[in-house]
Each structure stands twice: as structure tokens, then as C-alpha cells.
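All remarks here apply to the structure that follows.
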């Protein structure tokens, strides 16, 4: 007789038709809130409507319903992303010079926008080469398209249509999974299954399919393009996929098919899965064969990772067990209880994800220039500068968002009665030590980093260059950074015996790659000037962390306001009669943190922009002499505050200031307009609510006199609303000003 264990029952993980589809609610603004649904008495109503529309926590306490709304909203977000992507590809297909650029990427600039001549606007269409007049773009799309093997505008059209189909599909999915088959809470909390599917499916199979595309489509097409074959003569992607002989002509080992794979004779594939390092001298990008190898390796790692967690079969890791076992001799209960936090608080979950994604985005910024992945990206200086700046800003915003949601978690989801002596509780109990030490570090870094500059400015003003900190007087060499550079430069043939070149030319070793007479990349020297500005980076980052971390650790209570948790995430002050308690809410810490994030990222992108123009980017003569854009002035000029103002901001702003009447004039107008937006923010940040209320009341009086007073009573912005409008315009104005300054400069000289 055979005894069988009972079959595990299949869990029903969705509710059918939970909420009927109706457009009636769309006609009722604020249907999610009793107060807002009543309609406006005062103008504050419209602000509250916007503040709470997406705050699902405030609509209901039911975690399952909140989860479904978030899940459905994600499909809406994906739909918008597909729509945007489709628009990018459509512009490439309809308005761009992509095919011309593909035939001569060193002399023709990428353009995918032509301005209609209405009243003189055609001035914006500059000559980008090859007889095409349009706006030079710096998004890097052309380079990505070439790397992926797109050779015609028809292919871009097809991809654009495909993205539209996916956008529609995502909208449908968002509706379907909220109204027709909505997942139960248990489904959202099944972390092992989620990990397996995301790791093996998204990252594993995603990387594998990309590696497959690169091997079967990108590599052969790029091989032909690099050899100078006319794009129209190159076989189409499906021909390479269906006809193995075509590929075998380029890579002979293809003739053997999968035999080497199954006989473990993998070295046969070394023709198209390489480990070379360095850059392809033809395109100035990473070797595409290295990139294909990389994606294959990543795919294998994540396919393994996606089979590690325990689901229906009772084998593998359980996240709860891992977290509860994770405790050391000095950490009390360790991560006990963290599993419950992360499966019931989506704010805690989001906070971790934002912190990691933000850090990763900044890592991407640094790799895009030091290991340029796409062909002809490294010599397109405008695109290089744009990609670095863009990824730095995005990373900064995501990290501030991490602190914001950590604080919301503390206020809304943290239950102090169930937490004792785990890591989070221990951190909260010695938060005073953490914050006061961090504060000391900030003061130390601030005085010392800035003090080095002030010393140099003073010595410079007094005519004592021999007493300055510089590479030619008192040297402060970044010896640790130089040691790391050197280690990596020496790695090929030593610690990395298989590689023919180091991972990045920036490490050193004397190699230089130039494409079409322009420098793609060369070893980046680090000296006293970099040492000084790196300490400014350390200072601004630590202050940002101080503000954000204080906001999180004191989100629920402080000596000043012991019952802060009852006041919520954002509140102006602790009520009347308690002076000196304004601007202490967790929201206010996020508000203040944003300004320091802006400071931190600004210094980083200024450093990058000047350093690259001074020491990397430039032209190379037939004799091999490199002439940099600003002639290597970074090392001696950036060591004083005056140098930054005079030789960077002022000297390099000449292009944007003098852009009027040229094809760059739009940048001049943006430069002016964005300064205005920035200045407009100060009106909200520097004046109080009462000032505006008084002004409004006299304006209302005038309207009453003329019998044109509105039914909705005008109100001044609340304190929090005013600060929100202020910081938004401050950041928007500042970022757009920087954008116009950078692009006018680099398009003119690059």
C-alpha cells in the first residue's frame, strides 16, 4: 500500500469582480474623501485634492485595497512609459536624421526634432551635418539604436507601434487587475514567489533574451556597420536569426550550433563572447562582444538566484527564517520582526527600494562615461554630459524619496509596542548619539573642506602662490584614489590574466582611444584639485544624510514634541501657544533635505563638466597631440572659489549668454526663464502666510466692490503648501538653468 502525502491545495489568489467599473466617480472630484467630496468652500480645496488623490493610505485602512490600488497604478505608470518610449522611437522614425547619422556618426550630429517656421523659429534648426537642419539631441537614443542593430527608420516605426500596443495592454492590465481579477493580500505578501519570479523571470530571462538578441542580431549588424557597409546592404535581423550560415560567415563557430555548449567545449564561443576590456577603437564604445558575454553571465546568475526561495515544494530559503537568524553578539534581536514590517508596510518596502535604486542610478551615471556602452557615445560630448547630469539628479531625488517614505513608515506603520531590542528599536534608542556624531562630522567636513579653498583664495589674493594647496606648491595628492586607479590599470595580465585591457581607460596605463579626431577616453589624472572638491562632495552628502536621517529617527517623537506621531507626517507647528515648534515635521525634513541634495548634486555635475573638458575631452592631431577643450586648466583654477566663479561659471556661461540670434538661442531663453522660475520660488520661501492673507483680503474687498467676487473664498496657501510650491520652483528653476548652461556650452565647443 502506498501512503501519499495530501496534495497541497491550490490557493485561490484573486477575487473575481470585486469593484464594478463605473465612470460616475470620475465626475465627482475627491470621491475618495468625505471632506473633499463636498466640494470647494475655499481655494484650499484644490490643494487638498491634489495632496490626497494618490495618498491611498488616507482613503482606506484596508491593506488589501491599498495594495490593489498601488498594483493597478503601477500598470498605469508602465503604460505611460511605453507611450513615452513610443514617442521617442516615432520621432526617430519621422523627424530624425538617423539613417544619415548611421552612415557617418563622426561628422553628423544626432537630431530628431525640427522646429516649424512660424515667426522666425526656424533659427533653432541648426546644421547638424549632412545637410540636415534640426535641433541637436543629447539623449543617446541614436547610439542605443545602433548598438541594438536598428538600421532603418522603418524599424523604428515598427518598434514605435509595438510600444503603443504594449501601452494599451498595460492600461488594460491595470483595469483588469483592479476590477475583474484583483489579487488577494496573501498574493502581495508571498515574497518567496515574488523573488523567484522577479529574479529568474525579469532579470534572468530578461538578460538572457537580451544576450540572445545581441549575439544573433546586434553583433553581426554592428560588425558590418563598423566595416563601413551601407546600412541598406546589411541583411535584416530576421535573416540572421533564421539563416545560420549568414552568422557563420562572420563567426565560424556558429556553424557548430549548440554542440560546443553541450559538450562543454565553451571556448569555441570565444569569438563572440569575449573578455577583452577597454574600448573598441572604431566606435569608442565597449566591445559589444564583451557586453553580450556580460548579459549571458548575468542571466545565469539570476536564473540560479530565482530558484533559491521556498515556495510550493518546501525546499529553499524562507525570507522570514533568514531575517530572524540574522543577529550578531551586539545586535540584540537583530532583524526579528523585519519580515512583518516589510510585508505589511509598503512605505518601508518602497523606502529600501528607493535607496537602492537611487544609489544604483548614481552608479550608472559614473559608468556611462568611464565605460561608455554604446558605439559613438564617448565622442558625443553633449550626450555624455547630459547622461551624467540626468542620472545624478534622478539618483538624488530617489534617495530623498527613500527618506520621505521611511519617515512615513515611522509615522503611519511603525508599532513601538511590538518592537523590542531589534535593530530598528536599538537605532531609535541611540538616535541622539547617531545624530550628534553625524552633526560633528558635518561641521568638521564643512570647515575643513571649505577652509582649504578659503586658504587658497587668501594666498592667491595676497600674491603668495607658493603657499597655496596645489600640485605645484603644497601638494595634497589623493593617494588612496591613485592607488585604486593604479591597481586597476595593472590588473590585465596580473590579477585579471584573461583580460587584454583594464575595465576602464580612466584608470591609467597610457592608452588613449580617439574616434574621428576626437578623444573618446583617456586616463584621468587625479590631483590636489580633485582632493579638495571631493571633500566638498563628502561635506554636502553628509549634511543631506544628517537632515534626512534626523527626519526619520525623530519622525514619531522628540524631546521638543514627545507626541509627534499623533500630529502626522506633515504639520506646520505643534499648535498655538507652543512657539518654536514650527518646521519640525518629518515632511519638513524632506523639504530641507531637498535643498542639500540640490547642493550636493550641483557640485558633482560642475566638477564632472569642468574636469572632463579640461583633462579628457578634446581633439587629437595627426601627430597624436591632444588639445583639451579648456586646455587642462582644472588643476590650477579649481583650487580657489574665485577660480570656480571666474574660469568655470563665468567663462563657460559665455556660450549661453551669447546664444541669441543663433540656433542655440532657445538655451539662452531657457537660461533666462529658468532663472526667473528659480527667483519666483524665493517669494514662497521667504514670506509668511499672514502677509498673503492680508493682501488677498484687500483684493477680495475690491472684487466685492465691483460685485465680481467668486463663490469660492480665496485663501492664502498653508505653510506647508507654500513651502512645497517654493521648493518645487527652486529645484525646477535651478535644474533647468544648469541644463541650459551645460548644453549651450557643450554643443558650441564639443
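All residue numbers here begin at 1 and follow the chain in the order shown.
Positions of Cβ are set from backbone N, Cα and C atoms, glycine also.
As annotated by Swiss-Prot, [4Fe-4S] cluster binding site applies to 573, 582, with the evidence given as sequence analysis. On its own chain, residue 582 ([4Fe-4S] cluster binding site) has 572, 573, 719 as residues at least 6 apart in sequence with a Cβ closer than 8 Å to its own Cβ.
Around residue 675 (chlorophyll a' binding site), the C-beta neighbours below 8 angstroms that are at least 6 residues distant in the chain are 733, 737. For 675, the entry in Swiss-Prot reads chlorophyll a' binding site.
A simple way to gauge crowding: the CB of residue 691 (chlorophyll a binding site) has 11 other CB atoms within 10 angstroms, across all the protein chains here. Annotation source Swiss-Prot lists chlorophyll a binding site at 683, 691.
Cβ neighbours of residue 692 (phylloquinone binding site) (same chain, under 8 Å, six or more residues apart in sequence): 716, 717, 722. If you look up Swiss-Prot, you'll see 692 marked as phylloquinone binding site.
Non-local neighbours of the transmembrane segment (70-93) in the same chain are 54, 56, 112-113, 139, 141-142, 145, 153-154, 156-157, 159-161, 163-164, 166-168, 170-171, 173-175, 177-178, 183, 188, 346; each lies 6+ residues outside the stretch with a CB under 8 Å from one of its CB atoms. As annotated by Swiss-Prot, transmembrane segment applies to 70-93 (among others).
Taken from Swiss-Prot, the feature transmembrane segment applies to 156-179 (among others), supported by sequence analysis. Panel annotation: around the transmembrane segment (156-179), residues 17-21, 68-69, 71-76, 78-80, 82-83, 85-87, 89-90, 92-94, 98, 145, 150 of the same chain, lying at least six beyond its termini, place a Cβ under 8 Å from a Cβ of the stretch.
The feature transmembrane segment is assigned by Swiss-Prot to 195-219 (among others), with sequence analysis given as support.
The transmembrane segment feature in Swiss-Prot is assigned to 291-309 (among others).
Sequence-distant contacts of the transmembrane segment (346-369), counting only residues of its own chain at least 6 positions beyond either end whose CB sits under 8 Å from a CB of the stretch, comprise 66-67, 70, 377-378, 384, 387-388, 390-392, 394-399, 401-403, 405-406, 408-409, 412-413, 521, 608, 612. The annotation transmembrane segment is assigned in Swiss-Prot to 346-369 (among others).
Per Swiss-Prot, the feature transmembrane segment maps to 385-411 (among others). Long-range contacts of the transmembrane segment (385-411) within the same chain, counting only residues at least 6 positions beyond its ends with a Cβ under 8 Å from a Cβ of the stretch, are 138-140, 341, 345, 347-348, 350-355, 357-362, 364-366, 368-369, 544, 548-549, 551-552, 555-556, 565, 568-569, 586-587, 589-590, 593-594, 597-598, 600-601, 604-605, 608-609, 612, 735, 738-739, 742-743, 746, 750.
Sequence annotations record features per position, and here Swiss-Prot assigns transmembrane segment to 433-455 (among others). Residues 427, 468-469, 476, 532, 535-536, 538-539, 542-543, 545-546, 549-550, 553-554, 639-641 of the same chain lie 6 or more positions beyond the ends of the transmembrane segment (433-455) yet place their CB under 8 Å from a CB of it.
According to Swiss-Prot, the transmembrane segment annotation covers 531-549 (among others), on the basis of sequence analysis.
Annotation comment: Swiss-Prot describes 589-610 (among others) as transmembrane segment. Using a Cβ-Cβ cut-off under 8 Å and counting only residues 6 or more beyond its ends in the same chain, the transmembrane segment (589-610) has close neighbours at 369, 385, 388-389, 392-393, 395-397, 399-400, 403-404, 407, 530, 533, 536-537, 540-541, 543-544, 547-548, 550-552, 583, 630, 634, 638, 644, 648, 652, 723-724, 727, 730-731, 734, 738, 742, 745-746.
Remote same-chain partners of the transmembrane segment (664-686), defined as residues 6 or more beyond its termini with a Cβ less than 8 Å from a stretch Cβ, comprise 123-124, 126, 135, 655-658, 717, 722-723, 725-730, 732-737, 739-741, 743-744, 747-748. Taken from Swiss-Prot, the feature transmembrane segment covers 664-686 (among others).
The transmembrane segment annotation in Swiss-Prot covers 724-744 (among others).
Counting neighbouring Cβ atoms within 10 Å of each of the binding-site residues (573, 683), the lowest count belongs to 683. A helical conformation is recorded for residue 691 (chlorophyll a binding site) in the three-state DSSP classification.
When Cβ-Cβ distances below 8 Å are used as the criterion, the transmembrane segment (291-309) is approached by residues 191-193, 195-201, 203-208, 210-211, 214-215, 218-219, 272-275, 316-319, 373 of the same chain, each at least six residues removed from its ends. For the transmembrane segment (531-549), the list of distant contacts is 399-400, 403, 434-435, 438-439, 441-442, 445-446, 448-450, 452-453, 469, 476-478, 481, 589-590, 592-593, 596-597, 599-600, 603-604, 607, 638-639: same-chain residues at least six beyond its ends, Cβ to Cβ under 8 Å. In the three-state DSSP assignment, the secondary structure recorded for residue 675 (chlorophyll a' binding site) is helix.
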